Amino acid sequence: MTLGSETASTHRLFCSIRTRFCELESVVSRHHQNVCEKLGNRSSCLTKTSILRNPYVLLVVVCYISYWPSIWGQLVLDDRPAIIDNKDLRPNTPLYRLFENDFWGTPLHKEQSHRSYRPLTTLTFRWNFYIHGLNPMGYHIINIALHSFVCILFYNYSRLLFCDSMTSLITSLLFAVHSIHTECVASIVGRAELLSAIFYLSTLLIWSSQKYKTKTKLLLCVIFSWFGFLCKEQSLTSLIICAIHELISRRHLPNKENKIIPKANRNSIIVRVGNIKRSQMVWRKIVKNIFILLSAFMSALIFRLYLMGNKFPKFNRFDNPASYSGAPTKQLTYSYLIAFNSWLLLFPCDLSCDWTHASIPLVSNLTDPRIWTIGAFFAILFALLFYALIKSEDHRLFLVLTLAIVPFIPSSNIFFPTGFVVAERVLYLPSIGFVLLIGMGVKKMLDSWESHSTRIKTIIGLLLIVYTVKTYHRCNEWNNEYSLYTSGLKVNPMNTKLLNNLGRLYERDGNYDVAINYFRDAVRIEPSDVRGHLNLGNILLKLNNSIEAEMSYTTATNLLQESANTWHQISSMHLTALFRLSQLISRDPHRTQEAFNSRDVLNLKSDFKPVFDSWTQEMRSSSNRRIEAAVMLAEALQYESSDPDVLYNVCNLCKHLKRVSQNLIHYLSYNFFLGIVINESGSADEALELFDKALSVDPHHEPSLLASARIIQDQGLSGLHEVAIERLNTIIELGRADETVYFNAAMLAIKSGRFDCGKRLLESAIQMKGNFSEALYNMALILYNEEYPQPLQAVEYLTKLLNTNGEHIKGLLLLGDIYIEYFNDLKNGENCYNKILSIDANNVFAQHNLCVVHVRRKHFHEAIQCFEKIQKNNIGSVNVEHHLKLTRDLLRDQLRNGSNEFKFLL
């Protein structure tokens, strides 16, 4: 046999050893079953083999059990901007926009962009939206299914790594129920991590497989990693893992091949020369493969930097306080955060949806006790790496460590600062390596302590149960924003972002006292955060406490002056505070000019669209500032020539602006829409036409949809009722409707004769706001007037109405009518009418109906006096004379029957 053929056969023999070893497992398993059957212990054999034969089913079932509560979850936290506010999900948005905009739907070139690029993830959201709109259930079901698929891929990769089905199953179950994954699965935006993990593990499986030739493997790995990169950037690290795998899996190849050659021939010259040649060939191949993998990695990285305009996103100091600190605080805190993330993987007990602001205090000096944590963590890490590289012959330990370390590097602040302190979502990929490391320990214990295997498996089973219960409970916390923020504050009571978020929830629900307490706590903990002052000012202004509101806004605007020297730190919060302050002081006629002078903020951010939006609304309300508003719209259109918000302001200005000078027309004539604003007369028809033009740019522009529908309703344009209903329904489908949208849609439906539809919409309005007086009254009115009246249900709604608004005259009048007409309950009916007269003594309807009560009681004397009083005062438009005549006729009939009780009335 020649040297070349001997080398080739030896190499092929070595490459097949691993595959043969894995095949041996199934043979041993079948032999074990045969032995069990002969010994009569068939049941235990069947239990073990049935579990191992259906690991996929078991993993899927466990995933759905653990994450079952999340199916009923709402859209929370980042789900709202990614799903509800993201126009890229709407069918009218061209698909190519997904590849031009960031994850939140903002163009990547804009300064406001977050620079996160995940078009394939957004595409899956768009498919969800196309099928079921904003119903959260569909999004959550898909997320759990994706996590289940990741667990199946993880199981297959574990099989390749361990060649042991039982260890692989235990490890996969641990991965499936690990509580650190709750945010990825329960939060809809966590789909980015789930999709990237699918492509990440697929890349590793392809590279570890023996089914493909090297060129095919390289091509598939590059394609899958790039697809994962378009879901989330972390997936690109799979190429680095493949390169490391290629390097370490072949470093002992000649030595391993020598073990196959008989010991007597290992030192021969022919074998040594063959080893050298084989080593050279292997290393050439290794270098070539690694070069291709790293080139693909760098190409994607360069493309990513190009999309960002070679600029990294800018974050404020509250998102990542350590990034704004100097040495050694920055380095010590970053090191501690790495150890802290590892602790969350090891012990996922205290979890929170947000870790920004003061959640984790900075490590500022060497006397901080947390220094010991940093030292212990890195000592253990370096010891493991040293053992894996130097001492261990098994390359799998080093590979597993790299699987835990490499995907975490982009989030570690080592190369660039991130926009978060700790984010549980980013630990999804690193947890693959961490759980595999636990799996290696489990396998080592099972192999070393076979006599205690039952106890070990029992302990592992209990651990899995604890993790499942924790994950199930954590999913319940993610179900709505109240429970999510409350659970976060239990872990991070100093987190002002959570305090502000919870305060806004209570403010939204009308619990102002609780909301103010949360806002004051936020301001006390973080006095330099604009958000807290702005929220506090808003709620104080809502409660007509103008003095304290102005103080809060002034404090916020002072923080704007501090940020003016660092342009990128000026956020929408700063500008909004300035707008609110100017709006407040402009209420004083003597301070109007002071309010308008703050327009100089445009010099700070001339392309920041909210500046134009807010200021044009302010100046439009002042009759002598509307021309200036038109000029500002012209400036805005230079930056946003097709923005529906700008066009919406143009439409609103149209309702007020009349003809102006030709010079101004010339100045503004470059834009068609603004030309219409200047030249047309401002009637409802022109305003509707302009709203239609705004909607032609964005058919889902909510302000234009709502404003145009209200114009149709207010102007009584019955021919356009269906158009208005359709536009209001669009807002409802977008998930942006409040109770007034449902109410307006209901009124239009009722006017169009669609009473069932109107009732459904009114019921939705009442569900959103239980004390919505007009909705309660109109629901009762429909039930009272429909073909088959439902007086009992009408009384229920009127009772709710009067419990919240006891002086609702129409409600009292309707309730009195129902009591008398349907229940002959004259006493309660009389009480309703007397209550109305105590509120409005001249209410003719209540007076008239009281007269009717006297007639029903056959108190004709009181009835005639009552009607004559109404007639004498010349009140109202009811048929008093007719009813008075009828009452006298009734009295005459009674006297003819022999009664002289009321003879003197005649």
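Even glycines carry a Cβ here, placed using N, Cα and C.
According to TrEMBL, the transmembrane segment annotation covers 56-77 (among others).
Under the heading transmembrane segment, TrEMBL lists 137-155 (among others). Outside the transmembrane segment (137-155) by six or more residues, the chain places 55-56, 59-60, 63-64, 67, 70-73, 79, 83, 124-125, 128, 131, 168-169, 171-172, 175-176, 181, 184-186, 188, 190-191, 194-195, 197-198, 201-202, 205, 432, 435 with a CB less than 8 A from a CB of the stretch.
Distant neighbours of the transmembrane segment (286-307): 108, 115, 117, 214, 218, 221-222, 225-226, 229, 233, 236, 239-240, 242-243, 246-247, 250; these residues of the same chain sit at least 6 beyond its ends, with a Cβ under 8 Å from one of its Cβ atoms. Among the features that TrEMBL reports, transmembrane segment is placed at 286-307 (among others).
Under the heading domain 'DUF1736', TrEMBL lists 310-381.
Sequence-distant neighbours of the transmembrane segment (371-390) (same chain, 6+ residues past either end, Cβ-Cβ under 8 Å): 332, 335-336, 338-339, 342, 363, 397-398, 401. The transmembrane segment feature in TrEMBL is assigned to 371-390 (among others).
Per TrEMBL, the feature transmembrane segment maps to 397-420 (among others). Nonlocal intrachain contacts for the transmembrane segment (397-420), taken as residues 6+ away from its ends with a CB within less than 8 angstroms of a stretch CB, comprise 114, 161, 200, 233-234, 237, 240-241, 244-245, 248-249, 312-313, 315, 319-320, 322-323, 334, 337-338, 341, 355-356, 384-385, 387-389, 426-427, 429-434, 436-437, 440.
Within the chain carrying the repeat 'TPR' (496-529), a Cβ under 8 angstroms from the stretch's Cβ atoms is held by residues 318, 352-354, 356-358, 481-482, 485-486, 488-489, 535-536, 538-540, 542-543, 559, all 6 or more beyond its ends. Residues or ranges marked as repeat 'TPR' in TrEMBL: 496-529 (among others).
Under the heading repeat 'TPR', TrEMBL lists 668-701 (among others).
In the repeat 'TPR' (496-529), helix, strand and coil residues by DSSP number 27 helix, 0 strand, 7 coil.
As a summary of secondary structure, the domain 'DUF1736' (310-381) carries 34 helix, 0 strand, 38 coil according to DSSP.
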